[in-house]
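Pulled from Swiss-Prot:
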- Gly13, Met14, Ser15, Gly16, Ala17, Gly18, Lys19, Thr20: ATP binding site (BINDING)
- Asp63, Met64, Arg65, Ser66: GTP binding site (BINDING)
- 277-296: region 'Disordered' (REGION)
- 282-296: compositional bias 'Basic and acidic residues' (COMPBIAS)
Amino acid sequence: MSEKKIQLVIVTGMSGAGKTVAIQSFEDLGYFTIDNMPPTLVPKFLQLVEGTTDNDKLALVVDMRSRSFFLQIQNVLDELEQNENIDFKILFLDAADKELVARYKETRRSHPLAADGRILDGIKLERELLAPLKNLSQNVVDTTDLTPRELRKTISEQFSNQADMHSFRIEVMSFGFKYGLPLDADLVFDVRFLPNPYYKPELRNQTGLDKDVFDYVMNHAESEEFYKNLLGLIEPILPGYQKEGKSILTIAVGCTGGQHRSVAFAQRLADDLAKNWPVNSSHRDKNRRKETVNRS
């Protein structure tokens, strides 16, 4: 028997109810995910996974594709019930017929069970075939009035472990404005107004990770005041980002070249935030000037 049970979520429900958004949400929560897995392959897949991966959280989308679907999935569920190494839940996504029709018309896609092309007929047949599975589901979510963002938040609230470090993490990075803004930054702060160590010959070839540069940057009164205000701004808003279901928050601090001031500020910020949150720090342009000089 495995020391740690596999936590399996089977994502199913009405076509057009949001299974694609759901599986992306599970991926953000640290689950290993697979979309559109035939029910008959689930047991074989789980046999391969047991003991071969460090990730004990799996989410599989299982879709209705034929009239034999329920019989197939029922056999799978019976097998899972007998497996002591797996804890599983079924997440069933539903929505009102009118909303499902509107979504299909918006995407101009055909319903997989609409043999004659009529969307509503396909929806009615699918609802009839899925009714027994819906009754077996531990989690039923009606997405009729939910935006994709709200669905992500709902899934995060129901399935994320608050102690799980995968649920929300912070990326703090430094950069140089002369090399362009980071495309993935959520929050950007500019420290170009602070005294620049570049103009001190003894500091020019060092970076904000070196003590001499760090002390030079931080020992100015305006630096300390700005840093305290920056930390005071960021810390209170982090729970809000987590509550909204955001998986990664990228905070970027920039100076002219990304070697001195921004590096010192970003690293200090990362170290302080890491006292209460999972944080990773990086310095995009820290060595760019050195590399340019060496090539010339």
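For all residues, glycine too, the Cβ spot is worked out from N, Cα and C.
In the three-state DSSP scheme, Lys19 (ATP binding site) falls into the helix class. By neighbour count, meaning other C-beta atoms within 10 Å, the densest spot among the binding-site residues Ser15, Thr20 is Ser15. For the binding-site residues Gly13, Gly16, the largest tally of other C-beta atoms within 10 A is found at Gly13. Straight-line distance linking the Cα atoms of Ser15 (ATP binding site) and Met64 (GTP binding site), rounded to a whole number, equals 8 Å.
Rounded to a whole number, the C-alpha distance linking Gly18 (ATP binding site) with Asp63 (GTP binding site) is 12 angstrom. What surrounds the ATP site, by Cβ distance within 8 Å of the Cβ centroid and not counting Gly13, Met14, Ser15, Gly16, Ala17, Gly18, Lys19, Thr20, is the set Ala22, Leu93, Ala95, Thr143 from the same chain. Within 10 Å (C-alpha to C-alpha) of Met64 (GTP binding site) lies none of the binding-site residues Gly16, Ala17, Lys19, Thr20.
Least packed by the Cβ count within 10 Å, out of the binding-site residues Ala17, Lys19, Asp63, is Asp63. Cα to Cα, Thr20 (ATP binding site) and Asp63 (GTP binding site) are separated by 11 Å.
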